[in-house]
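*Asks:* Below you will find the structure I want to go over with you.
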Amino acid sequence: MKQFPAFLDLSGRRIVIAGGGAAALQKARLFAAAGAELFVVGRPLVPALAEELADRAVLIERTAVANDFAAATLAVVAEDDEARAEALAAAAREQGALVNVVDRPELCDFLTPSIIDRGEVVVAVSTGGAAPVLGRRLRAQIETLLPARLGELAAFARSFRRAVAGKVPPPLRRRFWERFFDGPLAAQVLAGDARGAREAMLAEINRADAEAAGEGVVHIVGAGPGDPELLTLRALRLLQEADVILYDRLVGEEILALARRDAARVYVGKAKSNHALPQEEIEALLVRYAREGKRVVRLKGGDPFVFGRGGEELDALRAAGVRAFVTPGITAATGCAAAVGMPLTHRDHAQAVTFVTGHAKGEGDPDLDWSALARLGHTLVVYMGVGKARRIAENLIGAGRAPATPVAVVENGARPDQRALKGTLAELGALIEEGGVKGPAILVVGEVAALAEACTLDALARELAERAAA
Ligand SMILES: C[S@@+](CC[C@H](N)C(=O)[O-])C[C@H]1O[C@@H](n2cnc3c(N)ncnc32)[C@H](O)[C@@H]1O
């Protein structure tokens, strides 16, 4: 570590900035936010100084001199002239101030970091003056990870510190707070409802006992269709907090890589007719880990409540008395639709959309109301329908859907190996077979499918012919 980070209470402390340009303005903004007694001395002063800071800083329009630094805790020199900057820095240091000279790290006693300011919660990033742009990049990345109301959450927790200390004995206190920050109350505060959370927090404190403090928790989390950027911010946070992650076949390595390095990863995935773990065993494992006091994430492709058996897992956890929460994910239908520019509803083409599973028990047809699904102006999205595509098309045509109805097939949507094909309902079986679609894929039937950015059977045949000729 080249520099030691420390957080200063600057309220009422004198800070003097020598210089009146853009760099001085930038530093003045930083220190004004910290409640310091701020002096800016320079000539000329950029107008924004007066516009933004007239009520929070003393602005003096003249060249800075050594005496300006008297009684200053911190001094910032934002002067272009190198010799003048060095002389002012020396004078400030002589009078007991810690000095920062803009863009001259070798002359600095302290550096100003890139700051993420959430009120009570402050994160500072420094590259030791080596690469300020990198520092700003890191700040932007961290910004996206931190909920906007983090400061409110910290203030909320502070307001209950004494009450918790009075009720929960020290060995269990940390666990209490971990449960609070992982649980629905913190989520409620982060969602802007601190008032509503207060009563429940009091009840929680009153209930706090040894047993509750040892409890684990299971979060059933949707990982989206594959692209890590389609994770929700909450899913990302839960992944980074989890002790154990139980994940499915459809969750890729790129998403797992976002988890804490030391989290245990348990593959429980299922491929059709290749069940890695029966459903009851997955549920038993979730209960067992939670009872060991672990923070468990059950990570599922897409959304856990859309053909994801999330409902069964939630039931099992509730029946076992385990605290469980659900974080939604982007389901394959919406993820794939966005990836190929195909709206699922459209004022001109489709006023309704239905998600169905093409999966049937055994070899038969899925048990669906084909005439309801064959309606005009209606988009049908079939999950797990690749193996039954031909039968699905026959059933829909038999129920009155026109053979010329547009269809699209999106395989590995929102992943690097995404493929999209389109044609007519009569061609659906051929699209799957000639396109070599293995899945995971969704089938989309309805007028909107014509809008998909996808390859047609003709184009596919040309492509195959060209490949064979090459
Ligand atoms: C067991 S279901 C899980 C659905 C998941 N819970 C969701 O909300 O997307 C698996 C089916 O989802 C569809 N699927 C999941 N991810 C997909 C992707 N990236 N591209 C296309 N289809 C996908 C396929 O139809 C696959 O057979």
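The backbone N, Cα and C atoms fix where each Cβ goes, glycine too.
The following feature annotations were taken from TrEMBL:
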- Asp248: active site, proton acceptor (ACT_SITE)
- Lys270: active site, proton donor (ACT_SITE)
- 123-143: domain 'Siroheme synthase central' (DOMAIN)
- 149-203: domain 'Sirohaem synthase dimerisation' (DOMAIN)
- 218-428: domain 'Tetrapyrrole methylase' (DOMAIN)
*Asks:* Six or more residues out from either end of the domain 'Siroheme synthase central' (123-143), which same-chain residues have a Cβ under 8 Å from its Cβ atoms?
*Replies:* 2-3, 5, 7, 105, 108, 111, 113-116
*Asks:* Mean pLDDT across the domain 'Siroheme synthase central' (123-143), rounded to an integer, is what?
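*Replies:* That region's mean pLDDT is 89.
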*Asks:* Reduced to three states, what secondary structure does DSSP give the residue listed as 'active site, proton acceptor'?
*Replies:* coil
*Asks:* Taking helix as H, G and I and strand as E and B in DSSP, count the residues of the domain 'Sirohaem synthase dimerisation' (149-203) in helix, strand and coil.
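*Replies:* Tallying H, G and I as helix, E and B as strand, the rest coil: 48 helix, 0 strand, 7 coil.
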*Asks:* Validating a neighbour-count step here. Other CB atoms within 10 A of the CB of the residue listed as 'active site, proton acceptor': how many?
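*Replies:* Here the count is 21.
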